[in-house]
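Have a look at the structure below, then the notes.
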Amino acid sequence: MESPVELLAALPALVTALALLLAWLLLRRGAARVPAPESTASDEAPGAPAPPEPPESCAPEPAPEGPSQSERVAEPEESEAEEPAAEGRQDEDSDSEMGPPTEEPEEEDGAAFSFKYSPGQLRGSQYKKMMTKEELEEEHRVQKEQLAAIFKLMKDNKDTFGEMSDGDMQEQLRLYDM
C-alpha cells in the first residue's frame, strides 16, 4: 500500500530531475556546436567529447547565428559550475539571453524593418510608426469600412443590439479616432 503512495510523492521530484537532465543535455549539445570551428584554439578535456558531435550538428549551425553567440557566453559558465541545478539555472539564463537579441534588432531597425502590409490587420499604436502616409490612409479607410459594416449590421438587427442613435455612432467614431 505504501509503495504506490511513495511513488506518487516522488513523481514530481523525478520529473524535475528529468527536466534538469534534459536541459543540461541540450545546453551541453548546444555548447558542443560552438567549439567545432574553434577546435584548434581549445584543447581542454571538456572539449574532447565535442569533436564526435559536430558532424551531426554541422548543417544546422550556420542558420542560428544569434543563439550560438549566446551559447558561447553560456559555455564558460558551464565549465565553472558542475551541479545540474546550477546548469539548469544557466539554461534559463541562456534562454533569456537568446530571446532579447533576436527581438532587439527588429526594434532597433524600426525604420529599416520591412513587413508585408495588409490593410485592417494591424493593431495597437505602433503601426503609425511603421507605416508610410499612404499605408496609414489605407488603414484608416479600411477601419472606416469595417465600422460602417458594423454599424449597418447593428441597425439591421435592432432587436438584437437595441437602438443606436447618431450620438452613439459619433461617440463610437470618437473612440476609434475617426
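Placed from the backbone N, Cα and C atoms, the Cβ positions cover glycine too.
As annotated by Swiss-Prot, compositional bias 'Pro residues' applies to 48-65.
According to Swiss-Prot, the compositional bias 'Acidic residues' annotation covers 76-85.
Swiss-Prot lists Ser79 (among others) with the feature phosphoserine, giving a large-scale study or a structure entry as the kind of evidence.
Annotation for Ser165 (phosphoserine): no spatial neighbours, criterion Cβ-Cβ under 8 Å with sequence separation of six or more. In the three-state DSSP classification, Ser165 (phosphoserine) falls within coil. Residues annotated as phosphoserine in Swiss-Prot: Ser165 (among others).
Taken from Swiss-Prot, the feature region 'Disordered' applies to 33-121.
Sequence annotations record features per position, and here Swiss-Prot assigns transmembrane segment to 7-27 based on sequence analysis.
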